[in-house]
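Enquirer: Before I ask anything, let me first share the structure, which is written out below as structure tokens.
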Amino acid sequence: MSPPLDSALEPLSEYKETAFPRTEKDPSQYKEHDLVTPEKEIQTGYFSPRGSHSSHGSHDSSASSNISLDDARMSDVNNSPNVFHDDPDTIDEKLSMYWKAANETVIREPYDYIAGIPGKEIRRKLLEAFNHWYKVDEQSCQAIATTVGMAHNASLLIDDIQDSSKLRRGVPCAHEVFGIAQTINSANYVYFLAQNQLFRLRSWPQAISVFNEEMVNLHRGQGMELFWRDNLLPPSMDDYLQMIANKTGGLFRMIVRLLQTSSRQVIDVEQLVDVLGLYFQILDDYKNIREEKMAAQKGFFEDLTEGKFSFPICHAIGEGAKNRTALLHMLRLKTDDMKIKQEAVCILDNAGSLDYTREVLYGLDRKARSLLREFKTPNPFMEALLDAMLSSLQACH
């Protein structure tokens, strides 16, 4: 058996070359015609309320046939006041002219329901910790925090539907309350609202690119996890770790890369982000089996009920556990039966998979702290975050 930490980190060595792609230009190097700025979006009519162009009077039908759509749009703009005034909030103000607050409440309700329930706040703490080094201003930090928080909570709405989950943070999942269709629409809607927050940043062209890239990675990771589950195809440990790098690591990288777009500090944190992403997700997999608090909030060994290949399960199957076939059958059942779940835990125990997972987690904790010591500037926020994760691991029975 290979050393736990080495086997956990090795699959990411090639991935790290593309995890933090470098932007070719900073915003100051873009020429004006290269960018479609929010001001230009307003000018070309993309954000104009329905019917707003008709208010400027009718055009001669014979002349209009020779006028391009862009010319028509610009004609309207030239005869109307500048509504943007360099303030992104104006976009929302224009949209609100024909969109009622009551309607907004209705379509956001599934999202607001889950967002209003306190979570781990790991992403907010990560942003605070990394910004200790990047020193991004408070207003930009708030925009980044809002973007990542909205994207994360919206992804949970979709996650719970795809996993047929019943509980989230100790309460019924949003789709159990509002229905599947409305919850899907609310989640997708909030993805775009999250992206719109980035227009508040001076570096918004880079920030939008980062957001899109990491949302693509998130969906790649989620897609592979669903494929393995629905086809009962056990992934290799390498494939599983790559999935984590995309799904969980995607939002972690989004935080750091968005901070980088707004910072003058040049600090290489790639390896630390990789380790934290692995640490967080594998710890979550372990707690799903071993932590009483998570059992109360989501249900004991909910990963088995969802038919999900978690880190301990992947290890047991990969090691050729004596009852490998029985474990696969239990995953296929997607059962809530406590006796079956307890039998599955016994299989993992006998295969040494829970001990292995715990050993990997302690190794990741040591690795993260070793990397932290290499930075010139001490980071008490990152130390506190690691301490909290270690305490959570130690609390598992």
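Cβ coordinates are placed from backbone N, Cα and C, and glycine is handled just like the others.
Below are the features I grabbed from Swiss-Prot:
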REGION    1-67  region 'Disordered'
COMPBIAS  13-42  compositional bias 'Basic and acidic residues'
COMPBIAS  52-67  compositional bias 'Low complexity'
BINDING   LYS120, ARG123, HIS152, ARG169  isopentenyl diphosphate binding site
BINDING   ASP159, ASP163  Mg(2+) 2 binding site
BINDING   ASP159, ASP163  Mg(2+) 1 binding site
BINDING   ARG168, LYS247, THR248, GLN281, ASN288, LYS298, LYS308  dimethylallyl diphosphate binding site
SITE      TYR191  site 'Important for determining product chain length'
BINDING   ASP284  Mg(2+) 3 binding site
Enquirer: Calculate the distance in Å between the alpha carbons (Cα) of LYS120 (isopentenyl diphosphate binding site) and ASP284 (Mg(2+) 3 binding site), and round it to a whole number.
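Expert: Roughly 11 Å, rounded to the nearest whole number.
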Enquirer: If the isopentenyl diphosphate site is taken as the center of the Cβ atoms of LYS120, ARG123, HIS152, ARG169, which further residues of that chain fall within 8 Å of it by their Cβ?
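Expert: Everything else in range on the chain: GLY119, GLU121, ILE122, GLY149, ASN153, LEU156.
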Enquirer: Whose Cβ, among the binding-site residues LYS120, HIS152, ARG169, has more other Cβ atoms within 10 Å than any of the rest?
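Expert: Highest number of other Cβ atoms within 10 Å: HIS152.
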Enquirer: Among ARG168, ARG169, LYS247, THR248, LYS308, these being the binding-site residues, pick the one whose CA is nearest to that of the residue listed as 'Mg(2+) 3 binding site'.
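Expert: It is THR248, whose Cα lies nearest.
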Enquirer: Restricting to the chain of LYS308 (dimethylallyl diphosphate binding site) and a gap of 6 or more, list residues whose Cβ falls under 8 Å of its Cβ, or answer none.
Expert: ASP163, GLU225, ARG229, LEU331
Enquirer: Based on Cα distances to ASP159 (Mg(2+) 2 binding site), point out the closest of the recorded positions ARG123, ARG169, TYR191, LYS247, ASN288.
Expert: LYS247
Enquirer: When DSSP states are folded down to helix, strand and coil, where does ARG168 (dimethylallyl diphosphate binding site) land?
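Expert: Strand, per DSSP.
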Enquirer: Just jot down the residues in the same chain as LYS247 (dimethylallyl diphosphate binding site), at least 6 apart in sequence, with C-beta under 8 A of its C-beta; none if empty.
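Expert: Within the chain, LYS247 (dimethylallyl diphosphate binding site) has Cβ neighbours under 8 Å at ASN217, LEU218, ARG220, GLY221, GLN222, GLU225, GLN281.
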